[in-house]
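What TrEMBL annotates here:
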type     : residues : note
DOMAIN   : 12-144   : domain 'MARVEL'
DOMAIN   : 149-287  : domain 'MARVEL'
TRANSMEM : 12-36    : transmembrane segment
TRANSMEM : 48-66    : transmembrane segment
TRANSMEM : 86-106   : transmembrane segment
TRANSMEM : 118-134  : transmembrane segment
TRANSMEM : 146-171  : transmembrane segment
TRANSMEM : 183-205  : transmembrane segment
TRANSMEM : 220-241  : transmembrane segment
TRANSMEM : 262-281  : transmembrane segment
Amino acid sequence: SGRTMGTLNLRALTSWVGIARLLAVLLSCLSFSLVASTGDFAGPYGTWCMFTWCFCFAVTLLVLLLELLELYPLLPLSWDDFTSAFSMLATLMVFTSSVVFPATFISSPCSSSKCAKQAVATTSSCLCFLAYALEVSLTRAKPGDISSFLSTVPGLLKVFEAYVACLIFSLLDMNEYKRESGLMWCVAVYSICFIFTLLIILFTIGRCLTYIPCPLEKVLVGYNMLALLMYLTAMVLWPLYSFRGRGRPNPCNKDCPWNKNLGVTFLTIFNLIAYLVDLVYSTRMVFFRAP
């Protein structure tokens, strides 16, 4: 047993990153426990929020255990890339849930004990978002260090781009975009860029990028340039075709197609900005490297 104690890496819990992860575990657990105790999380939005808190709780707990027992070097993946990508994804997912949950489930005036539990769950979800954001900032690569690609700014942006594309897919209505070839092109742009970005993330974590026969950094710059141009066309075509001659109907609830199309428009702009920043950063990393 002395041998087992000897391999315990207590820094996994006492370092700043470890403390941020412990906080994230406790806060995500508090959020899903409180919401589960109210019994009110039906429908796609409630299910999404519960999934987010449970998923982030489980994966972060697993990361802590693997680091504490020093078992992570046995895994066939790049651990730093995996933890950077996951903390970025968790930050985005918990942020979305912290906005979606109160907007969907908390009704005003808030006086019942159920509503109080929902309010505390929302608060702990917001604090959980801050814990993950802290982890991202603590593990972010220093300028010039590209040993783990997904902890660099372009790497973190890749996770952001893939996540925003997933949000876009959740808002797309097949009957809406099938009537216009312009909208079908936009959906193709979202899908192609999502697939390539996801492949880059998975290949990085799985250490497969070394097998690619061409200079990878230059390929990434070229891909970012192409993705940026494709998103530019989508930013013009999506609002042009989806709002052409159609005012906002009254009433227009959460699931109204007009609102969803507006959501897609904003998310397209977010991703366009992300690909632009990604291009600037990756170009600087490749062509203007400090000697």
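Keep in mind that glycine also has a Cβ here, set from the backbone N, Cα and C atoms.
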Exercise. Could you tell me what the rest of the chain brings near the transmembrane segment (146-171), counting residues at least six beyond its ends with Cβ under 8 Å?
Key: 78, 80-82, 84-85, 88-89, 92-93, 96, 136, 139-140, 190-191, 193-194, 197-198, 200-201, 204-205, 209, 220, 224, 227, 260-261, 263-264, 267-268, 270-271, 274-275, 277-278, 281-282, 285
Practice problem: Across the whole of the domain 'MARVEL' (149-287), what does the mean pLDDT come to? Round it, please. | Solution: 89
Quiz item: Going through 12-36, 86-106, 183-205, 220-241 one by one, which has the most CB pairs that fall under 8 Å from the transmembrane segment (118-134)?
Solution: 12-36
Quiz prompt | Positions on the same chain near the transmembrane segment (183-205), where near means CB under 8 A and six or more residues out | solution = 77-78, 81-82, 85, 149-150, 155, 158-159, 161-162, 165-166, 168-169, 172, 176-177, 212, 220, 223, 227, 230-231, 233-234, 237-238, 241-242, 268, 271, 275
Exercise. Pull the DSSP breakdown for the domain 'MARVEL' (149-287) and write it out as helix, strand, coil residue counts.
Key: 112 helix, 0 strand, 27 coil
Quiz item: Residues of the same chain, at least six outside the transmembrane segment (86-106), with any C-beta under 8 angstroms of its C-beta?
Solution: 24, 28, 31, 35, 40-41, 43, 45-46, 48-49, 52-53, 55-56, 59-60, 63, 115, 118-119, 121-122, 125-126, 128-129, 132-133, 135-136, 139, 150, 156, 159-160, 163, 167, 254
